[in-house]
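One structure below.
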Amino acid sequence: MLADDVNGQSSGRLKPAGCCGDHLLIDASKMELPLDLQTSIQDANLWFSMLTIMFNPLFWNVVARWEYRNHTLTKVLGSPQRGCIFLGSTIFSLGLFRDYRFNVALDSQPKWPVLYENWILLLGYGCILFGMTLVLTSYWALGFYGTFLGDYFGILMDRRVTEFPFNIFNDPMYVGSAFSFLGTSLIKASQTGIFLTIFVVICYRIATYFEGPFTAYIYTQKNKKT
């Protein structure tokens with residue numbers, strides 16, 4: 001069919017017909033994202049939680065290496081064991097504060113209705129149970145000094161731990177902690193919690209890049225002396 005020009009006269013050209021002939025551009029304002037964002041980035045509690053999550057592994061890695069090279073806590077407190085107990089107590093306290101800020105952030109953020117399912121609630125409790133199992137069995141296998149960086153104080157283990165859960169995961173405490181964060185997020189139906197859990201995993205992953213090689217270095221130095 002011939003299309004008419006603006007003066008109503010035939011232009012002699014064929015006008016494209018069909019569904020897209022008159023609409024060559026997409027109206028992006030009418031598009032909907034598949035993910036309904038239920039996270040308020042203006043919430044200060046969100047950023048405070050992220051800060052504590054990021055700070056904790058940074059703190060214990062910096063302080064532990066500082067102690068390994070300078071033995072400051074050992075000198076001040078009188079023995080490597082006392083220094084390790086002090087650092088371990090500090091790390092534990094910072095962990096409790098981080099968990100508190102995580103829960104505050106979740107409570108101040110919108111809920112995600114997608115997670116309002118009984119099976120997701122049960123999955124959340126299952127994640128926490130699995131996570132706590134990994135954390136507690138790791139502590140049982142390593143002991144206090146092995147858990148809280150006793151290697152950096154010269155309190156070395158006689159052999160590599162290979163019992164459960166170290167026969168399944170290289171860093172079961174980190175894995176267990178991440179599962180606990182995820183479980184809490186599912187129970188509280190929090191999309192923000194899931195995002196924060198991903199951030200936890202990233203921070204732990206970065207920490208292992210520094211901890212693993214340096215711990216191997218410590219035991220290499222021990223073997224050279226024996």
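Cβ coordinates are placed from backbone N, Cα and C, and glycine is handled just like the others.
All TrEMBL annotations are machine predictions without curation.
TrEMBL lists 1-43 (among others) with the feature topological domain 'Lumenal'. Confidence for the topological domain 'Lumenal' (1-43), expressed as mean pLDDT, is 54.
Here TrEMBL flags 44-64 as intramembrane segment.
Marked as transmembrane segment by TrEMBL: 44-63 (among others).
Panel annotation: around the topological domain 'Lumenal' (65-76), residues 82-84, 86-87, 152-154, 214, 218 of the same chain, lying at least six beyond its termini, place a Cβ under 8 Å from a Cβ of the stretch. The feature topological domain 'Lumenal' is assigned by TrEMBL to 65-76 (among others).
For 98-124 (among others), the entry in TrEMBL reads topological domain 'Cytoplasmic'. Sequence-remote contacts of a segment are chain residues at least 6 beyond its ends whose Cβ falls under 8 Å from one of its Cβ atoms, and for the topological domain 'Cytoplasmic' (98-124) they are 36, 38-40, 43, 45-46, 48-49, 52-53, 56, 181-193, 196.
Feature annotation from TrEMBL assigns transmembrane segment to 120-145 (among others).
Under the heading S-adenosyl-L-methionine binding site, TrEMBL lists LEU129, PHE130, GLY131, GLU211, GLY212.
If you look up TrEMBL, you'll see 146-188 (among others) marked as topological domain 'Lumenal'. Here the topological domain 'Lumenal' (146-188) has Cβ contacts under 8 Å with residues 60, 64-65, 67-68, 73-74, 80-81, 83-85, 87-88, 91-92, 102-103, 106-107, 111, 115, 120-121, 123-135, 137-139, 194, 196-197, 200-201, 204, 207-208, 212, 215, 218-219, 222 of the same chain, all six or more residues outside its ends.
Residues or ranges marked as topological domain 'Cytoplasmic' in TrEMBL: 210-226 (among others).
For GLY212 (S-adenosyl-L-methionine binding site), the same-chain residues 6+ apart in sequence whose C-beta sits under 8 angstroms from its C-beta are ASN170.
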